[in-house]
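Trainee: This is the structure I want to talk about, given as structure tokens.
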Amino acid sequence: MEKNCNSVAGHAGTLVKASSRQADDKAGSRVPPGGHLLQTNKTESQLLPCASPSDPVHWTNEIVPVVADTSAPAEAAPDQTVSDGEQLTRAPDETYYQRSESLAEPPAENELPAGRSRRRRSRWCLGCGCFEQVKTVVLRMLMTGFEKYAGVVYDHPWLFIMVSLLATAGMSVGIFLRTPESDVYTLYSLSGSPSQVTKEHLLDVLPPDRLLFVLLTGTSNLVTRETVTRIDSLLQGIESITLRRDSVTTDEFNHRLVSHDRSPFPETITFQDICAKDGSGKCQVQSILDLYPSSSAWGVMPIASASWPVVTNPVTHKVSRLDAILGKITTSVRLAEQGSGRPALTVVEEAEAMLMRIDLRGETIWKPYTAAFEKLVLDYVLGQDFGPDISVTAKAERSSYDELKRVSTLDVVEWLRLCAAVLVVFLYTSVVNSSKTHRTKLVPSAMGALASLLGYLGGAGLVYLCGVRHTTPAEATPFLAIGIGVDDLFVIINAYSLTYLHPNPKERVVDAIRDAGLSITITTLTNVITFIIGALSPYYSISMFCIITAGALTWGYVLCLTFFLAGLSLDARREARKEPLSYSLFWRFMPRCCRKSSYEPQLSPPLPLTAAASGLEEMRNESEEIVTADQTPPTHGGDLLTTYQLAALMVLYKKHTCQSRSSQPARRLFDRRDGTGTEETMSTPVPEDSERDRTNQKSCGTQVSTGIVDVRETGQDAASQRRLSSHIRDMTTQESIMLLKNFEKEMEQNPEKLLKLYHPEPLGNPGRGSRRFFRDYYGRFLGNTFVKATVLVIFAAVTALAIYGATTLKFGLSLKNITPQASYLRDFYSLHEDLFPSYGDEVTVFFAENDRWEDREVQMRYLQMVKELSEQEWAVVVTDGMSLFLQHAMPSLHSGNRKEFLALLKTWLEGDPIGQNFSTFFKFSFDNLIVWQFRYWMPHRDNTTTLYYWLKEGKDIVSAGKPYFHGEVHTALAVIWESDPKILPFTLTNLSIALVCILAISLLLIPDLTSAIIVVLVVSLVDLWLFGFMALIDLPLSMISMVNLLISIGYSVDFTIHVAHTFTHCVGASRKDRMVETMIVMGAPVTHGMLSTLLSILALAGSPKYILEVFFKMMFMVIVFAYTAGMVLLPVVLTLLGPFHPHGKRESGKAIACDSSAQLIDMEPLHGTGKEEHGVGV
């Protein structure tokens, strides 16, 4: 291939030999449209378009020389830009060559050029050689597909915009038709868990009652006649509530009743129909009224207990516990009176809280009507006004469902938060991608932010239309979709900004998508795979959330490649016409008579030759020729320089500039004549120390401003600029080809030669300032030895702190926490825990097996089990009718006589005043005991893991009675507690699967094993930090925080993959240089993606919803930790341990860039004008 290029170059030199003398008089050269410019001041030579040194040359068209008019006067290039203190000069072109119609194919292994050794198979994988070949083919196919697709979108932008908007509008209907799932046990329990099986068994044999509580609290004593009277009035109001049977059409979860037979129920359902009855046939209502024998004693007769806290009503014989009815009690003790026989009494003096408990029917067939009746009772109770000194709150079985349903719906505040997030992201993307020139990307940025929002509406809407129910965690989906979606916007605009060297707008868009399409596909795929793995979670709420979010991200990706890409195409046309944005958006559509001014693109006057030759910064001018937006784009040839080589040149130029400034005295350049020459005078030399200080403070860190500048501070810049311009003029075609072929070897041996290839980046190009910042400041800062040591020490301390925190991590999800802060239910939970600490969760122990209770040994074993259970600190109150019966009747019972046992038991439950309190605990058939139960209460605890282990201990005690009896233990929240000990294994398993899957995909970008291992370690560190700091901020590990840990994998891999992949392909002479090059290429997109996501997540700050609060805290830590790991820790580690192959062993030439790549100079003729289009850049 080298011979081919050399022969063609020699032929081109012969063709233009006649015009060489005229070229010597010109300060610069105009770039020929068919190739890449590199020329000499002796011979006007043309660098032909050719593939990289590793590719063969395939000429599809003959070379047609076009000789320019040599008599034309010298003029500056129409497109002159200045960056980093350089000035590029051009002269009219001499020849033009057509480029190949297709990408050059790589040579076969046996057709490698002379001197090129075959690529050795990697040591760590025997099949890596084959894998690399397959990967190369697949990547080329994907990039070619993106290239062709982008061309279609560019040709039909309005079609793609309208189709995408119409499709999104149709899909977004599902947002408004979604069905929320509010069953807390369905949302946050494990399907098929042991507790779930026990619950279903209990519902079949002995359905528990539905409990309704009314809690009154005051600032003073409530045990007064007035308060008791008002409680009686409240109870009478509840008993007077009625419910129309036909008005009930849905259940408590808002699911429509299908095939429901209403005939067994009365048309008007009253409280007597809906309440659960006790042994005497009365409704089971427990209140302070049960403590008085009659209404005349209300608030007058003292409430006293001989065996605290149990008290028995002397008239009704109803047994009550005072500490379960009254809260914040003040008592006094009355000593026993020997003469009257009155025992010692504990008397209630004051109580500041009262609790009323109402039992409602729990049968499955009655549930729809019971739930509807509960809603009426809640509305009535919460609407009562007891005055300023008494507050009322309540809790029903359906309360948690109602409140979860309320928080599962986007209210006005949430819509405002969402709009604020969209607005903030829109403003941020617009600011960072805007400039004062025609290159501003304000409109594409706005369309990109809008595309991320439309992605949520369309993707989530389609998922809802498919039958997926909306869950509470899905409230965070729109914020995540917006934050993650705009990342693709920054990557594409960054790739587009690096294609400014193309004269044709269509080619710019095509090349940007060809280079960035694979990158955004990989990152989107990693995020979607993360959520797909989360969708396999056994938790219903998390599974639905992951499905909804995956759909939103997928559709956002589609809109990015349709809606946003079409907008970028339209804006690229405008940029090619050099139209100001205001003209395109506003003045163009006004009548000519009303226009502010007629816009006619004007060419800027050419620069004087002397200014171009001297390279003075103050003579900077940005003038370009107008390009027809719809002209036929040129076909693609091989890239001469990849993005990584361009970044290496930027670093090399900066080092060269700093060295030249510190080693040479200042020069004053001033044109004393008529613009045809310059005169240089030497100023007083600057001391080395002061010059070095000025270099560190200004020259090596800041951009030289335009305009008239102090030559005492910029004279050295002019010298280096003039020297670089001279290098460019003196470079021959043969030398340029050899430099490009041996780029990496020259980087190691003769780096100053490569400065001849360095070209400036135009002003106003999006991301230009960010790239300069990461090169001049951030990269140099991280490369400092002291800074690297400090970073490692800080992250070691953070890791140690995280390890400590991980050892104190708590688990579980409290029902109180997922309740909205402004909810009456949350107030009830808080007050009940404070005023009634011993009465937390009610536990039911039931026996549904046909055990031999008539046997004496079984009875003794049972009494022993109850005694052991009662002695536990977590079994505060044990209410057991069977124990009381056995203590009462055991002396008269004969072992083994079942008929006698059942008869005495029935008699005790029906006739004994004490036994009547337990009659509803037993269920008989005609001649047998079917099932019976007893209850105990556990104290309140915030740690649900502790409650789970208490329940487990209770199960173990009951299970120890086998084979004498078979009992089962159940409490309502057990199905949620049971997930606590399993949440950590589930989390670690999902994290491992996600990490393996994502790294498998990432190997497409990082073939180096060392880099892959570093990525694994860094991502693992991020997860470790999250585990530790969750404990430090008192955030338990639950199913909600678990999904954030999965998200952290995606974020961490995105950041680290971008950095590690770029570092692997950089070509700097040292690890430090490659780290700086990595920051130049990926620093801005990664940083902007992080900040946009962070801004969208900030909209969740201060949300009253616990789940959104958890998402905000977790996502904030995820973003901060992932970014600092990828942009601070990883670059430092790579400078120490990163892959560093000697240039002689690396494959020179073109490297397939999966993120972004740019051509150094890429030209094509301007059809119909006879002029050429020029571009330079980095």
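Cβ coordinates come from backbone N, Cα and C, glycine included.
A quick note: this is a predicted structure, and the numbers were derived from the prediction, not measured.
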Trainee: Would you mind telling me which one of Asn817, Asn917 Swiss-Prot calls N-linked glycosylation site?
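Mentor: Out of Asn817, Asn917, Swiss-Prot attaches the N-linked glycosylation site annotation to Asn917.
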Trainee: Annotation N-linked glycosylation site in Swiss-Prot: match it to one of Asn621, Asn990, please.
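Mentor: According to Swiss-Prot, the N-linked glycosylation site annotation belongs to Asn621.
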Trainee: Which of Asn433, Asn917, Asn943 (the glycosylation sites) has the most other Cβ atoms within 10 Å?
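Mentor: Neighbour-count leader: Asn433.
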Trainee: Do any residues, 6 or more residues outside the transmembrane segment (789-809), come within under 8 Å Cβ-to-Cβ of it, and if so which ones?
Mentor: 782, 1021, 1024-1025, 1027-1032, 1036-1037, 1128-1129, 1132
Trainee: Taking the transmembrane segment (986-1006) as reference, which of 1013-1033, 1037-1057, 1114-1134 has the most Cβ pairs under 8 angstroms?
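Mentor: Of the candidates 1013-1033, 1037-1057, 1114-1134, 1037-1057 scores highest.
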Trainee: Quick one: do the transmembrane segment (1037-1057) and the transmembrane segment (1114-1134) reach 3+ CB pairs under 8 Å, ignoring pairs fewer than 6 apart in sequence?
Mentor: yes
Trainee: Please report the DSSP secondary structure of Asn433 (N-linked glycosylation site), reduced to three states.
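Mentor: In the DSSP reduction, Asn433 (N-linked glycosylation site) maps to coil.
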Trainee: In the predicted model, what is the mean pLDDT computed over the domain 'SSD' (414-570)?
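Mentor: On average, pLDDT over the domain 'SSD' (414-570) sits at 85.
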Trainee: Could you tell me the C-alpha distance between Asn917 (N-linked glycosylation site) and Asn943 (N-linked glycosylation site) in angstrom, no decimals?
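Mentor: Their Cα atoms are separated by 33 Å.
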